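Asker: Look at TrEMBL and you will find 1-25 tagged as signal peptide. Summarising the annotation, TrEMBL assigns domain 'Leucine-rich repeat-containing N-terminal plant-type' to 26-65.
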Amino acid sequence: MAMHNLVQALVCVAVFFNTLAPTVANVEGAALYALRRSVKDPKNVLKSWDPTLVDPCTWFHVTCDADNRVTRLDLGNAKLKGRLVPELGKLERLQYLELYMNNLKGSIPEEIGGLKSLVSLDLYNNNLTGSIPASLSKLSNLNFLDVSNNNLCGTIPTTGSFSKFSEESFKNNSRLEGPELMGFVRYDTGRCK
């Protein structure tokens, strides 16, 4: 009887570990597919993004690590039209988010500030509006940021990771002010739409 219980326990552990990886892949695949649904894709660059596949690592423009976790999204100059989605914040190991030279509109999702592994955020030359999420300043690994040539507004923060970036990262956003002066100008998103 004890041997039978041990075998059952081992089978349960094996099933748990075999289902864990696809679950993570499914969460990441669902996050990427949410982006696909929110954009128009005139060049058909997202054609391979099939939600019925368990693993998004087989999709074009997606790079994964050895654990099949998404680390890079390369969709620069893809002519995508639409909005960024908060689900991108579920790509926990994402290091490079390259979405420059598209026709993305709306705000930068606050959830992107939860991507602790993010090294590069390249959103230049879109039609993004709203303020720069304060959550982005918490990304200690962020070494490259380019939100130039958008329609962002509010105040450029200087705290956290933003202390590394020059004005070049923010140029050609006529409604963007700053940089924020520590203690003198509040980071105010209330008037910025």
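The backbone N, Cα and C atoms fix where each Cβ goes, glycine too.
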Asker: Helix, strand, coil residue numbers for the domain 'Leucine-rich repeat-containing N-terminal plant-type' (26-65) per DSSP?
Answerer: 16 helix, 5 strand, 19 coil
Asker: Roughly where does the domain 'Leucine-rich repeat-containing N-terminal plant-type' (26-65) sit in mean pLDDT, to the nearest integer?
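Answerer: Mean per-residue confidence for the domain 'Leucine-rich repeat-containing N-terminal plant-type' (26-65): 94 out of 100.
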